Amino acid sequence: MRHWLTLCFILVWRDSDIVSAQRPIIPENFYTQEHLSELRAEVKELFYHAYNGYLNYAYPLDELQPLTCRGVDTWGSYSLTLIDALSTLAVLGNHTEFRRVVDVLSKKSFDSDINVSVFETNIRIVGGLLSAHLLSHKSGIQLEPGWPCNGPLLRLAEDAAKRLLPAFNSSTGMPYGTVNLRYGVPPDETPVTCTAGVGTFIVEFGVLSRLTQNPEYEAVAMRALKSLWDHRSSLGLLGNHINVETGQWVATDSGIGAAIDSYYEYLVKGSALLGRPELMEMFWHHLVGIERYMRKDDWYFWVTMTKGTVSLPVFQNLEAYWPGVLSTIGKNSDAMKSILNYHQVLKHIGFVPEMYDVQQREVRPNREGYPLRPELIESLMFLYQGTKDKNLLAMGEDVLRAIQHSTRTPCGYATVKDTRDHRLEDRMESFFLAETTKYLYLLFDTENFIHSQGISGKPHRVASRSCMLDTGAYIFNTEAHPMDVGALDCCHGPTERDIWQKAWFPKRSSKRNSPESSDDKLSIVSSSSIETCKKPHWQSFLWIKSPPRCSASSAASKSWTGKRRRSSLYSLLTCEAAPFMQMFCIGGEVCDI
Ligand code: DMJ
């Protein structure tokens, strides 16, 4: 578990001591198609070296031990690496192996008497299975009738998620950190959970609810988020561990890294994926506090949640996801500044260690390892998509070189125990195959289907609903499992009949669907306003507080933040007002098919 309790001593930081990075200059013609193709081939080889090592020496156990070439159960005895690697097989286009693994997994059940982390099981197992389920139409698998609202991987994901639900039976609605997959929360389980362990469910549970039409998953995830939100300080900051029964903060240091990180990520992603602007409003609110108190020369320090004074002037490897989030919300220039700082640490140390002391410019003792984490590469990939700045490719190549140089073993890739001398440890976490290799590949594979700009999509029909798949509007969960946003419309939301009715009888239907009564509203706009839906990429959509002129209504409702909001804020990702053929405005991308 990533339960990291910060030391609560105050360190005085001085501006002049902080390193601020300079941008390296890569010639425009440096990363040719040929060069990129070589890098892709290298990343593929790297992936299969580790994947085959896992299959040969570790499966069906959770993880490969890459120094001794053995296997070990770590997070739950559920063949974790196999499940976590599945969506990467789809991204690499290995449909044969994808089908073989799906066949193996279809016979699986999660009914076992083992205690597991609720957070890790959700992001790796539930997230991995849902993503593979949504990508399975690309692999040539025989789809069940009614897919994506049916299917073996969806049932398996739901089986796992159901077993996590007892964790949410606390007096605050925030989940316990551990459950027994068969018997629920262990009687002696601590009520203390980290903030990320409370607020990192809305992506997976939202997808699950929308596909299965069982609202319970989304509802518990929203309740947990709302409860966290209610416990924010007057500065808009959160601590890093909380008692889920009493609502008391147990660790009050606030940062963007370990034990909090993916909470922020899921506010942005959950909002975009599910069309929930209240989550984005929460994010904007937190961002004010983060910018005001934590940001120091484009580093982000730990501060006390009530006073905002710096408590720990460090940079953690886990924080390197942040430029990716900033890029997603359109803040590319801020993202670039931070990533240049982080890249300097890589150049200085050889890897990004778990913790780097920004003042002393050295690895922090006891936090000197590098467990093959993806965060820096994740940000490089998102920021490259947003800017096409080739310096980001060069930084990605630096990470690849470091991994190849120091972590490769005869049967896989190993955690760096100490980034100062590059000693290795006998562990290869499953996120190496789920995230690190996937983001590296996607950084260099500029034409991958994941990067589609939404100029095409694949129409799909389930009973009375039409939906559009494969538009490039993918939301990655925090374990890098991509979820196809358009697929959710196949099982949830208005049917074709609703849409036609609303198109022909706008007045009656807009009364029945007032903003207060439903989130799935439709209203009518003139064809000229449909033009405004054309946006180049879904990322550019997220930071627009109000969607294009798709909604004709201006009624107001109250959000969690207490602000009045116009109903047009209800839909961030669907062009809800457009007539039928323009309804596939997923992520603002496909308005004119
Ligand atoms: C992954 O399991 C996820 O990315 C999580 O959000 C943070 N830690 C690891 C990778 O470092």
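Even glycines carry a Cβ here, placed using N, Cα and C.
Annotated features, as they stand in TrEMBL:
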ACT_SITE  Glu120  active site, proton donor
ACT_SITE  Asp261  active site
ACT_SITE  Glu354  active site, proton donor
ACT_SITE  Glu375  active site
BINDING   Thr478  Ca(2+) binding site
SIGNAL    1-21  signal peptide
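All chains included, 25 other C-beta atoms sit within 10 angstroms of the C-beta of Glu375 (active site). With Glu120 (active site, proton donor) as the anchor, the candidate recorded positions are Asp261, Glu354, Glu375, Thr478, and the one with the nearest CA is Thr478. Listed recorded positions: Glu120, Glu354, Thr478. Those with a CB atom under 6 Å from ligand 1: Thr478. The Cβ neighbour count for Asp261 (active site), using a 10 Å radius and every protein chain shown, is 27. For the recorded site, Glu375 (active site), the DSSP three-state label reads helix. Between the CA atoms of the residue listed as 'Ca(2+) binding site' and Glu375 (active site) there is a gap of 10 Å. The Cβ of Glu354 (active site, proton donor) lies under 8 Å from the Cβ of Gln316, Asn317, Leu318, Arg364, Arg367, Glu368, Gly369, Tyr370, Pro371, each on the same chain and at least six residues away in sequence. Counting in whole angstrom, Asp261 (active site) lies 11 from Glu375 (active site) by their C-alpha atoms.
In the three-state DSSP reading, Asp261 (active site) counts as helix.
According to DSSP, Glu354 (active site, proton donor) is assigned to coil rather than to any helix or strand. A simple way to gauge crowding: the CB of Thr478 (Ca(2+) binding site) has 25 other CB atoms within 10 angstroms, across all the protein chains here.
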